[in-house]
């Protein structure tokens, strides 16, 4: 019996998972999303074209692979339709290569309104959601009031009506306007018809059956481990488990059937929206990282906050996920820096710690180690033998600090700009 390999981000998202899953998929038969929704996007460059995938697994560009939207995902039929139709116009017909779990929850039009209403009600305490209705959908799921993909097959109208009325009562209590709901709802209902073109499956049986028959499965996470609802920088987190454990609950896979865990991180660190960020830079260096790394959200377009790499946070997420292989992205962004800093510890209340704290507050001061930069372009490097000495030293330093080997290094956005190390 085969095991599921897992690919996930180790920081606050935007690590480059889309590109790497596209690199890895030739080795797998099935690519499956296990959590999250359209609030996070994977940017891929394929045959010179740039694509942003929000709900659809990144294996969609690889021939006859089966792509699965798992039960842990929350799905907006309207945004899914827009995404799928855009891919179809580019020559990528999904209907024969994408299946959807019946147990995946649906993001309703009123969930979007609830998202906005809840943020407005928080005033200065808002956490900066993307407004896609993710949180309210997971709230309904946990409170056992959710609408699932499988409900589209029978009893949908009544279940939808009951959920909608409940949402409207909440919106009215918050004095939030619903004048735009009718138009959104009409388009959403039309999109559910489009959704029915795809095969609905009991994905837990599909995945486990595939493993039993010797097929290889890659589970693809969204966002990053530091946004995990339990272990992230709460309350500035997402509404699902983004760590490896989320693969088990989001696909129906037993823990003993998890194989390699690929942990992706950038050679620096970024964050979108509100929330603590100990190594954030507010100077020209931060602006330079943003410019060179093109750090703007693939879904929201928001400028990402940038800072030096945080090894305290990385050690924490490596531990949580049981990472077996590391993948370093955007090494080329660091090409021009004469000195590179890495946070190796935090100072809190005058005491130094290497552990990730309960609260990431303003009282956390990063303790840095400085390393010499390589100050030459990495974008045309094709093998580890061509690495500058300073870059090889940087990798060796990271591996010693993190306790896991770096198996893959990315030196540019294209698939070809990926170096598989012989370590």
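Backbone N, Cα and C atoms are what each Cβ position is placed from, and that goes for glycine too.
The annotation GTP binding site is assigned in Swiss-Prot to 13, 14, 15, 16, 17, 18, 19, 41, 42, 43, 304, 410, 411, 412. Using a 10 Å radius centred on the Cβ of residue 304 (GTP binding site) and all shown protein chains, the other Cβ atoms total 20.
Residue 15 (GTP binding site) falls within neither a helix nor a strand when secondary structure is assigned with DSSP, and so counts as coil. A 10 Å cutoff on Cβ-Cβ distances gives residue 15 (GTP binding site) a total of 27 other Cβ atoms nearby, all chains included. Residues or ranges marked as IMP binding site by Swiss-Prot on the basis of sequence analysis: 14, 15, 16, 17, 39, 40, 41, 42, 130, 144, 223, 238, 302.
Residue 14 (IMP binding site) is surrounded by 27 other CB atoms, counting those within 10 A of its CB over all protein chains shown. If you look up Swiss-Prot, you'll see 14, 41 marked as Mg(2+) binding site, on the strength of sequence analysis.
Residues annotated as active site, proton acceptor in Swiss-Prot: 14.
Taken from Swiss-Prot, the feature active site, proton donor covers 42, and the record attributes it to sequence analysis.
The substrate binding site annotation in Swiss-Prot covers 298, 299, 300, 301, 302, 303, 304, and the record cites sequence analysis as its basis. DSSP assigns residue 303 (substrate binding site) to a strand in the three-state reduction.
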*Work out how many Å separate residue 301 (substrate binding site) and residue 17 (GTP binding site) at their Cα atoms, rounded off.*
18
*Where residue 130 (IMP binding site) and residue 303 (substrate binding site) are concerned, what is their Cα separation in Å, rounded?*
13
*Sorted by position, what residues of the same chain at least six away from residue 411 (GTP binding site) have a C-beta under 8 A from it?*
331, 332, 378, 379, 381, 417, 418, 419
_Subset of binding-site residues (39, 223, 302, 303) lying within 10 A of residue 13 (GTP binding site), CA to CA, in sequence order_ = 223
*Compare the Cα of residue 223 (IMP binding site) against each of the binding-site residues 15, 19, 303, 304 and report the nearest.*
15
